[in-house]
Amino acid sequence: MVFRKLPGVSASGMGLRLSQKFVFLLFLSGLVTLCFGALFFLPDTMRLKRIFLSKNENPAVTVGSDNVLSKKVPGDPEHQRAGLKGARTVERSVGSRAQDEWSPAKAHEPAARDERVTSAAQNGQRGSAYSYETFKKCLLKPPLGKNKGTPSDSETLQRREKVKEMMKFAWDNYKRYAWGKNELRPLTKNGHIGNMFGGLRGASIVDSLDTLYIMGLMEEYEEAKEWIQDNLDLNSNGEASLFEVNIRYVGGLLSAYYLTGAEIFKQKVLELGEKLLPAFNTPTGIPRGVINLGSGTSWSWGWASAGSSILAEFGTLHLEFVHLSELSRNPLFTEKVMNIRKLLNKIEKPHGLYPNFLSPVSGNWVQHHVSIGGLGDSFYEYLIKSYLMSDKTDEEAQKMYYSAMEAIEANLVQKSPGGLTYVAEWRGGILDHKMGHLACFSGGMIGIGADDGPAGQKQHYLDLAAEITHTCHESYSPTKLGPEAFRFDAGAEATATRLSDRYYILRPEVIESYMYMWRLTHDPKYREWGWEAVEALEKHCRVEAGFSGIRDVYASTIILFKYLLYCYKDLTDLHHKLSEFHLFFK
C-alpha cells in the first residue's frame, strides 16, 4: 500500500448545516437505528441543510420529531463486552410548536423544564396527541430523496444493488434459520437468543426495520412489521441491558415509526419505554446498567468496577428518551436524561476529561480510565447530536461536547512517528497508545461537529476528522478488514500487535466515518474505501448462510468464527454496515 500525504478538507466546499430541519432527514435514511447510512440517500448535489423542514414554519403547528438511528454500542470491559457495537445512535429533530406546549427544546430551559416536569410528572398529565400526519406535512422533500436517491452513473448503481443483494442474502438466511430469535449464527445455521435483552425476542427484526425500508425491500419490511404486530411480547421478566434494549429496540421502533407512521411501532416503543424508567431509581439518578423488565429491579454489571455505571451506557439514552417524551407528551423521560447532565456538569473532571466509570450511588468517578472507544464512545456522539437535533438550541450539549473535544485533543490526540493521527486511551494520567475499532466512529463525529465549534476552528476540525479517518483506513489490513484494536508503540503503526486483538466481528465504525466524510467532502476516495470493504466482506466473510466474523485479519488463510464470540454480532452490525454501504452508492 502506498501511503500518500492526506490532503486537507476544504471548509468552503461543504455547506453542512445540521439543523433541526436536516436531522429530520437523517432519521429517514436510517445507528444509528438505524444507522448513519441515511445520509446517502440524499442526491449527490445536495448539502445536508434545509432539506426537510421549512426555515419559517408556522409556530402554532404541532410537529413531531424525526430520527436517524446510528447506534453506538459501548465496548465492553476489555475482554467481556468488546463485541457489543452497532451503529448506533439516534439523531432526531424536533419541530416547532405553540408557545404553551411542551417541547424537547424548551426542556433545556431550566425554569420551564422544572415547572412543566413537576406538574406533569406529579399529576400524571400528558400533552396533546402527537400527529404523524402533521409531521409529514412539514417535509419539503420525499422521505427517501428524489427517485429514492438512485444514482445516475451505472457503476455506482451496480455497487448499490450489490449492497442491497448482500442485505437480502443476510435477511433471507436469518428468516430461514433464526426467525424470531435475536441473531443468526451463520456457520452452524442456528438461531440465538442470548441474555442481553431480558427475554425479548426478535432483536434483528426490530433493528433491521429502517434498513429494509430504506433499501426498498418492502416485502421483507412487511414481514418484519407483521412479526412485531403479532409476536413482539414486551412482558418479559429477565435481566436486560438498559443500553442494548434502548439502542436496539427503542431506537429501532422509533426509526420505523418516523419513517412509516405505523402506529404499532409507536405503541410498542412507548410501552417499552415505561419499563426502562425504574433503572433511574438510584440515589443520584444515574441509571444502573442492568434491569429486570418485569420487576423493575436494577443493578450494575458484575464486571463494572465497584458497582459503577458506564459512561457510554448512561450517556447513550438522551436522543431516544427525548423522543419518548415527544411521542407520549410525558416530560419524565426527558427529565431523567437531563438529570444525568446536571450531575456530570457538577462533578470535577480530571483535566476536563470524562472517565468511563461513575458510581450511581455517590455520583463520583470510580476509575480514571478515559477512552473515546469502548466504554466511552457514544456519550460524545450523543452530545453533538443532541445539539443538532434541538435545532442548535441545546447550548448545554454544545458546551459539553466542545469542552470534551478540547480536553481530548489536549490529552489524548497523538501523532505517530509515521504521521498518523490517533486517539490514545488515558489511564490515570498515563497514555495507552492504542486505538480500538470502536473509536473509529470519531472521524465522522468530529466532521459533523465542525461547523459549530469555537470561532475559526471549522477547518481544524475537518482536518482532524479526515486525519483520524485516514488512520482507521490504514488499520485495515491486507484483507481490507480491520482488527479489534491497533497500536502505535514498539514501532507499530496502526497494527494489532497482540493476537487477542486481531479478530474482526463485522463492526461498522470505520465505514461510518467513510460515509460521513463522503457526505461532507464528496472526495471520491471515501467511496472507494467503502467499496474495498464491500469486496472484502464478500471475499472473506460471506458463507452459505450469511456473513461471519474472522479470527485473524492478518492470516493468509481466513478462519471463520464457528460461534461469534459476543452476542449480537451477526446480522445486526452487518445490517448497519450494509445500510451505510448502500447509501454510499446512490
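Every residue, even glycine, has its Cβ placed from backbone N, Cα and C.
Keep in mind it's a predicted model, so treat the numbers as computed, not measured.
Listed in TrEMBL for this protein:
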- 22-42: transmembrane segment (TRANSMEM)
- 66-125: region 'Disordered' (REGION)
- 106-117: compositional bias 'Basic and acidic residues' (COMPBIAS)
- E244: active site, proton donor (ACT_SITE)
- D377: active site (ACT_SITE)
- C440-C472: disulfide bond (DISULFID)
- E484: active site, proton donor (ACT_SITE)
- E509: active site (ACT_SITE)
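For E484 (active site, proton donor), the count of additional Cβ atoms within 10 Å of its Cβ stands at 24 [all protein chains shown]. Cβ neighbour count for C472 (disulfide bond): 28 (other Cβ atoms within 10 Å of its Cβ, all protein chains included). Just so you know, of the active-site residues E244, D377, E509, the Cβ with the fewest other Cβ atoms around it within 10 Å is the one at E244. Residues near C440 (disulfide bond) in space but far in sequence (CB under 8 A, at least 6 apart, same chain), listed by position: I468, T469, C472, S475, G482, E509, V510, E512, S513.
The separation of E244 (active site, proton donor) from D377 (active site), Cα to Cα, is 14 Å. Separating the Cα atoms of E244 (active site, proton donor) and E484 (active site, proton donor) is a whole-number distance of 20 Å.
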